[in-house]
Ligand SMILES: C[S@@+](CC[C@H](N)C(=O)[O-])C[C@H]1O[C@@H](n2cnc3c(N)ncnc32)[C@H](O)[C@@H]1O
């Protein structure tokens, strides 16, 4: 069977036998007639030369770009490594008589943490040192310290401008590269208030993709992340904090919301070559309504004074300006587009457009709905909502404030971004919202005709409940008597669809389809531990943990205590998680894995501490379980795939570990500039001499009966090793001591995964 090899992209067609007759995509196939016809009709550029320039750029392979992730010192260390070691080195290289382009920082990305480079793959394999650079990128990417991310996809989170302590919702978050940026911004004050303030809810309707997100964001070690699996169109607008008036609870609204909606993705054609073959106008037509509903839902969930970003990796105005215009018109003044012209200096962008043509599935083009209605058969007209077209008031909506990023402007993919501020509550004048939770306010019933709102809607005329949001915070409050809605400039008011959770929708009310992937979540649900739990007592005593660490923020997913692992969340996450009313939220993952229990009896505390928890907990740990770890010992422990006998350790480390009780301890590795000996030696061995992570690194260790073991996964060991010594790890064979009874008394490294 001839399978498709990784990295080999193929275009194909369905054959009679049902198998794909794959053709390799070659450069001259990078065209699509309908794409050309549609976009040429939009007259996006003043000259045909500029159109040609864009198309030429789209046919060229995208430069590689990445972001150094993490909100801690570590990200800056990696950046320094790039700037001080790799860049000058690559600059000094020649290949076939030509100098190489080194990686360059993206000019508008803060702190030089965004990078791109055009080194050909072959170059990366040609020289030993470039191989090291490649290996550095691969290792750090594997463990999540570097995130491969398209340059343009880095823009929306930057424009969202998340501040420490805020409540943030990422409505369509997977695979999570933007969520990672949001978390980094949330922790930009370097960890202060981590126990208390702020949350990022990262949601995706697709469970598998939500799980990918968990992996992607794991390295950020944030107790403030909650990953959920819901249809964003119906995302709970009634999440409650635990305290307050239980009859009239105040739901949580968000300071920042990102709507990076599902889209046709034609801005990513330089990377996803199959889009050249598969692009069809019907994708954009089909997505428009979902995009509008997700954006409307976000508007509802946003605080007054809050900010939301709508973005797509598509250039299609039906997915961009049409959605923005519909959102502004249906929320009638509650949202305004923000001017971002001064943000991200150096980023080249074009303004949003105010005229565009809509293309029907058969290729018919029209400027407006009336013209369209004369060209398209009546029976199929219902498939095209009027909101696809520029509304009559388009010139008053400030569409020039939207950002269109075309590929040729700075050699990137294509992207669209619009930034909104919520300036007024959404009132019953401008929003018809069904609320399924009567206690969130006393709903007023009003008749809404679907035919007025959405010609394509399959829903019958329905009665929906209307809620007012009439205080300055945008919080749902008791309704005022309804005032007649003024006719918006753009045409009749387009009410929002009913969007309550299926479980709570009254049978009489028709609802939109819920797109949540309902595959059961395999893991047990999280439950909070009782702060007086004896296991917590034992852990606190053993590690000398400061009383400043709140014990009520720990959760477990296991039923008994045997395999117990303990996860820690921020108080804001706890607030959302611990309210019974919020249980319908499908929680995929949250919290930092801090402690897990081993089956080892001869220790006062059989809970080990996890590497991912150390950045958060280390400052609060007592001295009793801390040992200074010399660099040579760290090297030996990293290179050994098992336990290292006491006798093989330096006398200094032996003196520290022998007197302490059996169990987990924390190795403190202080790397100073004096380690230059190691650098010099490394250079002799053909390495770059990268022993430059001056500062402190903390590593979890296990003090066994007669040996010490480092509690890191193989992958993590590789990364630490690379950062310390600049070369891939050379694993030594298991030492003889590994066969001894220590095996039974020490946890396996794999447990740290
Ligand atoms: C453009 S991608 C998001 C990319 C992501 N923001 C990032 O930066 O990694 C769109 C995502 O929306 C999800 N999605 C599609 N329909 C959805 C819906 N109705 N509700 C929530 N998520 C949805 C898809 O599963 C997909 O992961």
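Positions of Cβ are set from backbone N, Cα and C atoms, glycine also.
As given in TrEMBL:
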ACT_SITE  313  active site, nucleophile
BINDING   172, 173, 174, 175, 176, 177, 178, 204, 231, 260  S-adenosyl-L-methionine binding site
COMPBIAS  1-12  compositional bias 'Polar residues'
COMPBIAS  446-457  compositional bias 'Low complexity'
COMPBIAS  499-510  compositional bias 'Low complexity'
COMPBIAS  511-521  compositional bias 'Basic and acidic residues'
COMPBIAS  736-753  compositional bias 'Basic and acidic residues'
DOMAIN    54-423  domain 'SAM-dependent MTase RsmB/NOP-type'
REGION    1-21  region 'Disordered'
REGION    430-530  region 'Disordered'
REGION    733-753  region 'Disordered'
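Here the features listed in TrEMBL are placed on the structure.
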{"residue": "172", "record": "S-adenosyl-L-methionine binding site", "Cβ neighbours (10 Å)": "23"}
{"residue": "174", "record": "S-adenosyl-L-methionine binding site", "Cβ neighbours (10 Å)": "26"}
{"residue": "176", "record": "S-adenosyl-L-methionine binding site", "Cβ neighbours (10 Å)": "26"}
{"residue": "178", "record": "S-adenosyl-L-methionine binding site", "Cβ neighbours (10 Å)": "25"}
{"residue": "231", "record": "S-adenosyl-L-methionine binding site", "Cβ neighbours (10 Å)": "24"}
{"residue": "313", "record": "active site, nucleophile", "Cβ neighbours (10 Å)": "24"}
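Each residue contributes its Cα atom, and for residue 231 (S-adenosyl-L-methionine binding site) and the residue listed as 'active site, nucleophile' these two points are 20 Å apart.
In this structure the alpha carbons, written CA, of residue 176 (S-adenosyl-L-methionine binding site) and the residue listed as 'active site, nucleophile' are 15 Å apart. Residue 172 (S-adenosyl-L-methionine binding site) sits 13 Å from the residue listed as 'active site, nucleophile', taking the C-alpha atoms as the reference points. Of the recorded residues, residue 178 (S-adenosyl-L-methionine binding site) and residue 313 (active site, nucleophile) place their C-alpha atoms 13 Å from one another.
Taking CA atoms as the reference points, residue 174 (S-adenosyl-L-methionine binding site) and residue 313 (active site, nucleophile) are 14 Å apart. Predicted-model confidence for the domain 'SAM-dependent MTase RsmB/NOP-type' (54-423) is 90, expressed as mean pLDDT. Residue 178 (S-adenosyl-L-methionine binding site) falls within a helix when secondary structure is assigned with DSSP.
The record assigns 172, 173, 174, 175, 176, 177, 178, 204, 231, 260 to the S-adenosyl-L-methionine site; their largest pairwise CA distance measures 19 Å.
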